[in-house]
Amino acid sequence: MQSYKYDKAIVPESKNGGSPALNNNPRKGGSKRVLLICLDLFCLFMAALPFLIIETSTIKPYRRGFYCNDESIKYPLKVSETINDAVLCAVGIVIAILRIITGEFYRIYYLKEKSRSTIQNPYVAALYKQVGCFLFGCAISQSFTDIAKVSIGRLRPHFLSVCDPDFSQINCSEGYIQNYRCRGEDSKVQEARKSFFSGHASFSMFTMLYLVLYLQARFTWRGARLLRPLLQFTLLMMAFYTGLSRVSDYKHHPSDVLAGFAQGALVACCIVFFVSDLFKTKTTLSLPAPAIRREILSPVDIMDRSNHHNMV
């Protein structure tokens, strides 16, 4: 007699003994999805909390003195800025988010790429991950910037023009002057103590470098070899010009801009390579192995087959 044994792929069981497909609880999955989204929003809020506290409160920067013969803080105050805060935020955020939306829709609609997210709609899931990572990086970058500004309190190039100290009450022969009184508007004086490091340089470098790395990961069309590098270098030149304009506007020292570039680039690289999945290798799910029939022979069958081969 011959008997057959089937080896079947083992399906992992859930806690109550059944397969995952049979134990899929929609209500439990929905509550877990909401919990994860709330956790992400909480993390985003905590990342932006230092920035929000410093910008909306009366926290004053460190009060630093000066030298009377310091030429680096004697520049005039320019009323107009080459790139103001509104333009910086609008261009940096809008361009990046629009490009991310376009890239993710193309990836899902035309390339038919799937997502393992708990969010069922693939478009919403992709935008949630990529835009969420970008906004998280913006919050981290701005929090770093504001912490440095209030902690160091470096004087801007136009500090003396804004402060307008009474030099008749100051003895410049003492060298470093710490006891002085500013006759200028207090809000402008406090802002003139936030030179290091440049927020425009750090924000523009973060947004543009993040978009450069996003294009490197998502722009896979090989039709025009120089199109992607052209777009990437254009974005970097926009960030570079933004930082340099702060020097010509007498808002920052050159070292402030360089430090801002370095901080923005560092945060962008950390977010792209350690937080997002842009450059992570995608693993494919392997299908269960088919059932394999193995023939089990009894001792009598083995002897019969042996005799048959000997006769042949």
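These residue numbers are counts, starting from 1, taken along the chain as shown.
Using the three backbone atoms N, Cα and C, a Cβ is placed for every residue, glycine included.
Listed in Swiss-Prot:
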TOPO_DOM  1-33  topological domain 'Cytoplasmic'
TRANSMEM  34-54  transmembrane segment
TRANSMEM  86-106  transmembrane segment
TOPO_DOM  107-123  topological domain 'Cytoplasmic'
TRANSMEM  124-144  transmembrane segment
CARBOHYD  N171  N-linked glycosylation site
TRANSMEM  195-215  transmembrane segment
ACT_SITE  H200  active site, proton donors
TOPO_DOM  216-226  topological domain 'Cytoplasmic'
TRANSMEM  227-244  transmembrane segment
ACT_SITE  H252  active site, nucleophile
SITE      D256  site 'Stabilizes the active site histidine for nucleophilic attack'
TRANSMEM  259-279  transmembrane segment
REGION    276-312  region 'Mediates interaction with CTNND1'
TOPO_DOM  280-312  topological domain 'Cytoplasmic'
Note to self: Give me the DSSP three-state residue breakdown of the topological domain 'Cytoplasmic' (216-226), ordered helix, strand, coil.
What the structure shows: 3 helix, 0 strand, 8 coil
Check: If you count Cβ atoms within 10 Å of the Cβ of D256 (site 'Stabilizes the active site histidine for nucleophilic attack'), leaving out that atom itself, what do you get?
Finding: 28
Next item on the list: Flag the pair the transmembrane segment (86-106) / the transmembrane segment (259-279) as in contact if three or more Cβ pairs fall under 8 Å (sequence separation 6 or more).
Entry: no
Next item on the list: May I ask for the distance between D256 (site 'Stabilizes the active site histidine for nucleophilic attack') and H200 (active site, proton donors), taken between their Cα atoms and rounded to an integer number of Å?
Entry: 10
Margin query: Under 8 angstroms for C-beta pairs, at least 3 of them, ignoring pairs fewer than 6 apart in sequence. Is the transmembrane segment (259-279) in contact with the transmembrane segment (34-54) by that rule?
Written below: no
Notebook entry, point to check: What Cα-Cα separation, expressed in whole Å, is found between the residue listed as 'N-linked glycosylation site' and H200 (active site, proton donors)?
Noted result: 36
Next item on the list: Looking only at C-alpha atoms, tell me how far H252 (active site, nucleophile) is from the residue listed as 'active site, proton donors', rounded to the nearest Å.
Entry: 10
Check: Thinking of Cβ pairs under 8 Å, which stretch from 34-54, 195-215, 227-244 has the most of them with the transmembrane segment (124-144)?
Finding: 34-54
Next item on the list: Determine the Cβ neighbour count for the residue listed as 'active site, proton donors': the number of other Cβ atoms within 10 Å of its Cβ.
Entry: 29
Note to self: I'd like the number of other C-beta atoms within 10 A of the C-beta of H252 (active site, nucleophile), please.
What the structure shows: 28
Checklist line | Packing count at the residue listed as 'N-linked glycosylation site' (other Cβ atoms within 10 Å of its Cβ) | finding: 10
